[in-house]
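Per TrEMBL, the features are as follows:
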- 504-531: coiled coil (COILED)
- 654-664: compositional bias 'Polar residues' (COMPBIAS)
- 8-382: domain 'Cation/H+ exchanger transmembrane' (DOMAIN)
- 480-564: domain 'Sodium/hydrogen exchanger regulatory region' (DOMAIN)
- 602-689: region 'Disordered' (REGION)
- 6-25: transmembrane segment (TRANSMEM)
- 37-56: transmembrane segment (TRANSMEM)
- 68-91: transmembrane segment (TRANSMEM)
- 103-124: transmembrane segment (TRANSMEM)
- 136-156: transmembrane segment (TRANSMEM)
- 168-198: transmembrane segment (TRANSMEM)
- 218-241: transmembrane segment (TRANSMEM)
- 262-284: transmembrane segment (TRANSMEM)
- 290-316: transmembrane segment (TRANSMEM)
- 328-347: transmembrane segment (TRANSMEM)
- 359-382: transmembrane segment (TRANSMEM)
Amino acid sequence: IPSVSSIVPESCLLIVVGLLVGGLIKGVGEEPPILKSNIFFLFLLPPIILDAGYFLPLRQFTENLGTILIFAVVGTLWNAFFLGGLMYAVCQLSGPSLNHIGLLANLLFGSIISAVDPVAVLAVFEEIHINELLHILVFGESLLNDAVTVVLYHLFEEFANFEQVTIIDIILGFLSFFVVSLGGVFVGVIYGVIAAFTSRFTSHIRVIEPLFVFLYSYMAYLSAELFHLSGIMALIASGVVMRPYVEANISHKSHTTIKYFLKMWSSVSETLIFIFLGVSTVAGHHYWNWTFVISTLLFCLIARVLGVLVLTWFINKFRIVKLTPKDQFIIAYGGLRGAIAFSLGYLLDYKHFGMRDMFLTAIITVIFFTVFVQGMTIRPLVDLLAVKKKQETKRSINEEIHTQFLDHLLTGIEDICGHYGHHHWKDKLNRFNKKYVKKCLIAGERSKEPQLIAFYHKMEMKQAIELVESGGIGKIPSAVSTVSIQNINPKTLPVEPILPALSKDKEEEIRKILRNNLQKTRQRLRSYNRHTLVADPYEEAWNQMLLRRQKARQLEQKMNNYLTVPAHKLDSPTMSRARIGSDPLAYEPKADSENLPIITIDPASPQSPESVDLMNEEPKGCGGLPPSPEEDEEGLVMRVKEPSSPGTDDVFTPGTSDSPNNQRMLRCLSDPGPRPELEEGEPFIPKGQ
């Protein structure tokens, strides 16, 4: 019935089926089976978590890991203590029916009901096709909050047996969180590495390759549960670690087997869990208390909304891509509870928790409300709010190239800035993985294969399979004619150019040059701050030298222009008389005007004015010697400038042109010449004179 399944999520329909089956069994007079906690935790939950961990979108997960951890750890702790504290207050104010429930029992109940359930989230979110960011935030939170739930559950269960809880017990309980979470990850990593190493030697027995993946993953889960560590964290860690190495070693048929077997196994487990929830609701013993159940439901919703709003306000201070109010609403609304809470409640002991039936009734009510009401209304709300949905696009080589290019670029920018962000550590991890880990865990030449080539091979194989499945293989000619085969000439391999062998001394010299001149970006550099920049001792000397060179070039250019630009046209007699009348002192002939040099250049000379070096021109009478008759006839003597030695600097080394007479001559030459003509309407006599 497609019209029903498009409105109601599959998980709701399965619970309804379970309710019908349970009612039918009870109507016949038999006792319906109840979902035992051991069956749930040992057989039904691991396939779902392994499927989620093995095919986890690692890039989105690692980029949002900080946000996921804050939601999973701080958010779950807030929910547990807020709910437990308020429920204790409700119990104390409600009268004799709830007075006997103490603070520890309420905190234990809060820790059970506060965790978001991965099975329920997967069942609902995969149907509405929400965008990758929101999906990984809610689903990642549901996976990683397992460690918090396990710690709080065992902690309050143990504290309930104590006569008095001391501060040391609380500190040890806090430390046990790190032991449970990190211990689970450590166990998962060890089994993931063992699975990858084993798959290196299975090339001659391809049939049992999928078995090793399931076997080592399940052993990781059991080993973690054996020591009361987080089994879910162990499964996720083992799946994430083993996948890249196992897929490089196993055959394509084994990869297909693993993929479809995991999907089938997790789907069957999910179906059984929701059906058993419905059956257990009919079969279980219930104790209904309106005050307790309604308060639990109300405080669950309030705690979730407040937690998401406060944590998102804090997280958005550090995120580049901010979480919008729409995103916050979906994250808060997607906090579904499921079978993990029911199974933990079922595990409670009647001796210490006589109110277990009331706890289970409240838990089932919350599960039904979140799965039915929130699960059914989240799809219309996503459409109503126009939340961005997942785009089903195939990755291309172009996208892969640009993704890798941007990763390298961001890593380089972080290195230059001296800032060690997550791109830097990701690059370090990739280098370590390529240099050491791949050689140990991947067999043959695949360990040296670049990532882009491996991605291309994967895409090529996928395209070939799709072609076969769609029947496109029939379009390819089945046989090739012998004539065409004979016409195919084997390609001769291009001969690689042989590089000239370098001597050891030459090689060492090149290395030394590179070491001295290339910037060592891998060193720890200071973060850039213009207030804390250290002055370079050589910088001032370089600036002085550059300024002097610039001045010398400008002077030379002025002199060249003076020699090459034609003389300014003479003023009219009226204009000259007006100028002299306005400022007679400026145009009065000076006493030493006879000593000024007269520059005459022979236009027939093959030496052009540009090639004349004016720095070494000596006018007659300026050198301290009496002018000779030849110099009288020639005017200025042009001398060729001697080339400077290679090691000297033409700015700092004084030459013959630095004498006072030459400098005086240069000042004469650098005179800009007559003033430009005044425009009409401008007074001859400037203001102020």
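Each position is counted from 1, following the chain as shown.
Note: Cβ is positioned from N, Cα and C throughout, glycine not excepted.
What you are looking at is a predicted structure, and each value in this text was computed from that prediction instead of being measured.
For the coiled coil (504-531), the mean pLDDT of the prediction comes to 60. Between the transmembrane segment (218-241) and the transmembrane segment (168-198) there are at least 3 Cβ pairs closer than 8 Å, counting only pairs 6 or more residues apart in sequence, which means the two stretches are in contact. Residues of the same chain lying 6 or more positions beyond the ends of the transmembrane segment (359-382) and with a Cβ under 8 Å from any Cβ of it are 7-9, 11-12, 15, 109, 112-113, 120, 123-124, 127-128, 130, 277, 281, 284-289, 292-293, 296-297, 300, 329-330, 333-339, 341-342, 345-346, 348, 353, 389. The transmembrane segment (37-56) and the transmembrane segment (290-316) are not in contact, since fewer than 3 Cβ pairs between them lie under 8 Å (pairs 6 or more apart in sequence).
Contact between the transmembrane segment (136-156) and the transmembrane segment (328-347) is present: at least three CB pairs lie under 8 Å, with pairs separated by 6 or more positions in sequence. In this chain, the transmembrane segment (328-347) lies apart from the transmembrane segment (168-198): fewer than three C-beta pairs between them fall below 8 angstroms, excluding pairs fewer than 6 positions apart. The stretch from 6-25, 68-91, 290-316 with the most CB pairs below 8 A to the transmembrane segment (262-284) is 6-25.
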